[in-house]
Structure formats: C-alpha cells, structure tokens
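Colleague: Pasting a structure below so you can have a look.
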Amino acid sequence: MTERYADKQIKLFSLTSNLPIAEKIAKAAGIPLGKMSSRQFSDGEIMINIEETVRGDDIYIIQSTSFPVNDNLWELLIMIDACQRASANTVNIVLPYFGYSRQDRVAKPREPITAKLVANMLTKAGIDRVVTLDLHAVQVQGFFDIPVDNLFTVPLFAERYSKLGLSGSDVVVVSPKNSGIKRARSLAEYLDSPIAIIDYAQDDSEREQGYIIGDVSGKKAILIDDILNTGKTFAEAAKILERSGATDTYAVASHGLFAGGAAEVLETAPIKEIIVTDSVKTKNRVPENVTYLSASDLIAEAIIRIHERRPLSPLFSYQPKGKNNA
C-alpha cells in the first residue's frame, strides 16, 4: 500500500529499538507513524510522551525487544501504560523480535519460565493483541490469554530461493539441530527439496563432531534456523556440510542478532550467503555476505487485516509459480 490508509482511527507508533522496520511498515500500510518522544534520564529511567491524541484510537506499538533487551521491554511497557491512560480504544503490540521467547520452559531444576513472566507483564500492562514474527517456540502463544498472531518467515524465504533457482532435488534443506526439523521441512516442501538434519552434542566444544542424517553429497545446502546469535551453530554446521560433500552452503534465519563476534565467526565459515529479516536492528558488525530481506510488507498487511477484521490465513503461505492453485 502506498496511498494514505482511509481509516484515521488506527495509529502506529515506533519505539526506539528498530525505527527502520517501523518506517517501512508505516509506508507499506499507508499509515504515518504517530508523534511521540522517548528519552532516558541519567539514572536509566525512561520517560515517554505521546505528542498527539489517541483517545478512541486503535494503537499499534512497534518494538523489537532485542539488545538492550530490558531497556526495550521497559520502554514498551511504559508506552502501553501511556496509551491506556490516554484512553486509547485498543492497544496492540507489534514485536518483530520477541526477546525472552527462548526461555519458554524449565530446562533445569529451579529455572524460571521467563517468557511466561514477560507475557504476564505485557498483558497486565493492558494490551489487547500481540503481532509477532517467528516465535522461537510457538507454545509461547499459549502464555497469553489474548490473541497472538505469530507470522511466519518461511514463505518469504521460499519465494527468495525460488527466484534464485535454489529448488528441486539438487538442493537440500538442512536443520543445524534436531529441534528445527519442522522449520526445515516447511521450507523444503515449498522448494520440493529433501531435508537433512545435523545432530551433535550440545556442548559448543563438541559441535565439530556433529553428523548428518540425510544425503547432502553433491547438493546445494540451505541451513535454516530461527535465531542467528553468535553464528557458531551455522559456522560449524557449514563445515560439517562441506566435509560431507555439499557443493555450496547457504544459510537463512528469521532474526539476525549477530552477537558476541558473530561476524568474525561467520566470515571464516564456508557459507556463500546468509539471509536474515530486518526484525532486529543491530549495532554489531554484520558479515559482508549477509542479505537482509524485509518483513515489513508482511507485518503491514497483517496489521491492516486485523484492523479490518479479515483473516490472516493468506499470509501464512507462498504459492510458487507453476504449482496447482486448486
């Protein structure tokens, strides 16, 4: 969408974590970003001021709770409170990246379930709906007692790889860990390609001892994961694929954090191209072979469909050309 959206009762606001994607979402939706200010005092306290009326409006607040996670989360909570006190009709949050979603279960004795805690805090603050992108664990949706729309990036990736000609039996989609099989299978189905899995000890020091379940010899491999953090998982997986006879290795992830020297790790790995979405704005150095694929159109369309009470199901698939549309 390029024209101004007709219904002025809907308003978008961007907080400070990822202004670039917010601007793209606003442009795609045809809704200008609302006027507000956010500043941090010398002691770390956050002050927000909404500089226009929101009374009776449906508000969508765009904020990735990425690094610095706690500052961005608190900024979001304070903005929610400000909208509630200003008599907004509904307050909806758009989280391109949902921090703390990896802490979704008790993996060891006496561990918290922080994703549930964050869900409780956001709900208590007064939100009506969550729109997010590729949750690390889909069960996090169940931590909320309000609607949660978890948009998928796999259709975006499938369209990209199809246009590059990376599909069919000479391509294999690889999950770098056994917990990502469902994601790999989803992309593989779009590309009409087989899948493979790398299984290895979870200890970082033993990653290079991983082994492949499936056939990658003589094939172009696409590694897929949801979060690219330090880059070690992709880097070691790419080395294993190279040793196992893969001709080229590509990598794709929904969220590119690039933390802890990830650029240095990935630049020495045999990976031809890394694709991530723009869900996270990072200050860390990014490898030169990274391509950003914007999720802004997808999120903008979801916002408009929600506001117009239309189904989101058309956003959850990609129909490659030449396939039967029946």
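Cβ atoms here come from the backbone N, Cα and C positions, even for glycine.
When I checked Swiss-Prot for this same protein, it listed these features:
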type: BINDING; residues: ASP43, GLY44, GLU45, ARG102, GLN103; note: ATP binding site
type: BINDING; residues: HIS136; note: Mg(2+) binding site
type: BINDING; residues: ASP225, ASN229, THR230, GLY231, LYS232, THR233; note: D-ribose 5-phosphate binding site
Colleague: Would you count the other C-beta atoms found within 10 angstroms of the C-beta of GLY231 (D-ribose 5-phosphate binding site) for me?
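Modeller: Its Cβ has 28 other Cβ atoms within 10 Å.
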Colleague: Between GLU45 (ATP binding site) and ASN229 (D-ribose 5-phosphate binding site), find the distance joining the two CA atoms and give it rounded to the nearest Å.
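Modeller: Between the Cα atoms of GLU45 (ATP binding site) and ASN229 (D-ribose 5-phosphate binding site), the distance comes to 28 Å.
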Colleague: Can you tell me which binding-site residues out of ASP225, ASN229, GLY231, LYS232 are within 10 A of GLN103 (ATP binding site) by Cα, answering none if there aren't any?
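Modeller: Qualifying among ASP225, ASN229, GLY231, LYS232: none.
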Colleague: Could you work out which of the binding-site residues (HIS136, LYS232) has its C-beta surrounded by the smallest number of other C-beta atoms within 10 A?
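Modeller: Each of the binding-site residues HIS136, LYS232 was scored by Cβ atoms within 10 Å; lowest is LYS232.
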Colleague: Where's the emptiest Cβ shell within 10 Å among the binding-site residues ASP43, GLU45, ASP225?
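Modeller: Candidates: the binding-site residues ASP43, GLU45, ASP225. Fewest Cβ atoms within 10 Å: ASP43.
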Colleague: Pick out which of the binding-site residues ARG102, GLN103, THR233 has the most other Cβ atoms within 10 Å of its own Cβ.
Modeller: THR233
Colleague: Run through the Cβ atoms and count how many others sit within 10 Å of the one on ASN229 (D-ribose 5-phosphate binding site).
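Modeller: For ASN229 (D-ribose 5-phosphate binding site), the 10 Å Cβ neighbour count is 17.
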Colleague: What number of additional C-beta atoms lies within 10 angstroms of the C-beta atom of GLY44 (ATP binding site)?
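Modeller: A 10 Å sphere around the Cβ of GLY44 (ATP binding site) contains 9 other Cβ atoms.
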